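Engineer: This is the structure I have questions about; it appears just below.
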């Protein structure tokens, strides 16, 4: 277990966040491998199918990540309080909770596949491939859940390094199988889906064996592996708003994708390409946001509340450095990024336009993601849910719909909907922290 309540805050945060960032980078590479390989060896219909299918699966993953963050927060708090018996109950409850979710979510997603494809206005040429991709990936949901449960446990214990190895294994396997099935055997979207599901399964099995063999620094028994009412309540109190937030935001992305899909196959493929690039660009703020959450919760549990404000500030500063670099590069050399995922000149041009405006959001989310991490660590994830819903459904979706109706509009104009809506979130967060500042004078966030 790592102690996140001692030492220089800037250094401790950086040391904890870097493995998190590396794990996230590998996970993004793992996710982008499908689109990259398909883009090199298949047609635009396959690219569109993988782009749309992976977005649908990202919605499911977002729900799982939200619940897992609830587990990380509870385990971290119990460790900070040195209540190891309660930490064991939290680990057991998280495990049982995820088993229940896997049993419900997998068949539900299989039944919803056709509806999702229709609602997203999937281009006719890509419907068959999209359905195949989603169904195969859905069968891997238990593995996604299992991996995230194990990772949540390690991060709650203050160990952000071990999950890196599991993602590395999945990434390597995914790329190898992608190249073999898509590049050599020409399985197109089906090959990419098989690569994704199989690599997730192997990675989870290895992670499971590792955690069983390694054990814990405190006692945990079979009796702990039950749904403890209090632990489950605490996990869901933090995790459910985050899961709902991620789910609704991803649903909003699906709605936006559906709007853009009506613009044709090139636009559909272009947006899919940019979404993959943006995933990479937003890894630093995502990683620092998660690190802020883990540090905040351990410090709260240990009674070191005065450190949490500094944790948030350093998280934002580190994130901004990466965000500015990503935005500037995307303005100057967008084609060098988009051409990595497709050989189609039309798709490269359209996706470069979209990237230039969308990438401004990399700066904006540097504030929002870290504040969300801080609020989650404080057990106030409902605030994150509220501002995200207002920004997404009150601004981003309406703006996208409005701009798309303008005659002669391009993806460049549509891309501005993202940074504008995130700016709304920043304003809401700023006023909330100002209010909290006044009510908690001993722990000022804003000076």
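Glycine is treated like the rest: Cβ placed from N, Cα and C.
Bear in mind that the values here come from a model prediction, so they are computed numbers and not experimental data.
For reference, TrEMBL lists these features for the protein:
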| type | residues | note |
| --- | --- | --- |
| TRANSMEM | 12-32 | transmembrane segment |
| TRANSMEM | 52-75 | transmembrane segment |
| TRANSMEM | 87-113 | transmembrane segment |
| TRANSMEM | 133-157 | transmembrane segment |
| TRANSMEM | 164-184 | transmembrane segment |
| TRANSMEM | 190-212 | transmembrane segment |
| TRANSMEM | 247-271 | transmembrane segment |
| TRANSMEM | 277-300 | transmembrane segment |
| TRANSMEM | 312-333 | transmembrane segment |
| TRANSMEM | 353-375 | transmembrane segment |
| TRANSMEM | 382-403 | transmembrane segment |
| TRANSMEM | 409-433 | transmembrane segment |
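Give me the local environment of each listed feature.
Structural biologist: Same-chain neighbours of the transmembrane segment (87-113): 60, 63-64, 67-68, 71, 74-75, 78-79, 131, 134-135, 138-139, 141-142, 145-146, 148-149, 152-153, 156, 216, 218-221, 224-228, 230-232, 234-236, counting only residues six or more beyond its ends whose CB sits under 8 Å from a CB of the stretch.
If one looks beyond the transmembrane segment (133-157) by at least 6 residues along the same chain, the residues whose Cβ comes under 8 Å of a Cβ in the stretch are 1-2, 20, 23, 49-50, 53-54, 56-57, 60-61, 64-65, 68-69, 71-76, 79, 87, 90-91, 94-95, 98, 101-102, 105-106, 109-110, 113, 116-117, 163, 166, 170, 189-190, 192-194, 196-198, 200-201, 203-204, 207-208, 211, 216, 290, 294.
If you look at the transmembrane segment (190-212), the same-chain residues 6 or more away from its ends with a CB under 8 A from one of its CBs are 30, 33-35, 37-38, 50, 53, 129, 132-137, 139-140, 143-144, 146-147, 150-151, 153-154, 162, 166-167, 169-171, 173-175, 177-178, 180-182.
Residues of the same chain lying 6 or more positions beyond the ends of the transmembrane segment (312-333) and with a Cβ under 8 Å from any Cβ of it are 9-10, 13-14, 17, 277, 281, 284-285, 288-289, 291-292, 296, 355-356, 359-360, 362-367, 369-371, 373-374, 445.
Counting same-chain residues at least six beyond the ends of the transmembrane segment (353-375), those with a Cβ under 8 angstroms from any Cβ of the stretch are 270-271, 274, 277-278, 281-282, 284-286, 288-293, 296, 308, 311-312, 315-316, 319-320, 322-324, 326-327, 330-331, 334, 337-338, 381, 383-384, 387-388, 410-416, 418-419, 422-423, 425-426, 429, 433.
Away from its own ends, the transmembrane segment (382-403) comes close to residues 241-242, 244-245, 248-249, 252, 255-256, 259-260, 368, 371-372, 375-376, 409, 413-414, 416-418, 420-422, 424-425, 428-429, 432 of its chain (Cβ-Cβ under 8 Å, at least six residues beyond either end).
When Cβ-Cβ distances below 8 Å are used as the criterion, the transmembrane segment (409-433) is approached by residues 256, 260, 267, 270-271, 274, 350-351, 353-361, 363-365, 367-368, 371, 383, 386-388, 390-392, 394-396, 399-400, 403, 445-446 of the same chain, each at least six residues removed from its ends.
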Engineer: Relative to the transmembrane segment (164-184), which of 12-32, 52-75, 247-271, 277-300 accounts for the most Cβ pairs at distances under 8 Å?
Structural biologist: 12-32
Engineer: In the same chain, which residue numbers or ranges, 6 or more beyond the ends of the transmembrane segment (247-271), come under 8 angstroms Cβ to Cβ?
Structural biologist: 44-45, 47-48, 51-52, 55-56, 58-59, 62-63, 66, 116, 119-123, 125-126, 338, 342, 344, 346-347, 350-351, 354, 388-389, 392-393, 396-397, 400-401, 404, 411, 414, 417
Engineer: By a Cβ-Cβ criterion of under 8 Å, what residues six or more beyond either terminus of the transmembrane segment (12-32) are in contact with it?
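Structural biologist: Residues 2, 4, 6, 54, 58, 151, 155, 158, 160-161, 163-164, 167-168, 170-171, 174-175, 196, 199, 276, 279-280, 283-284, 286-288, 290-292, 294-295, 311, 314-315, 318, 341.
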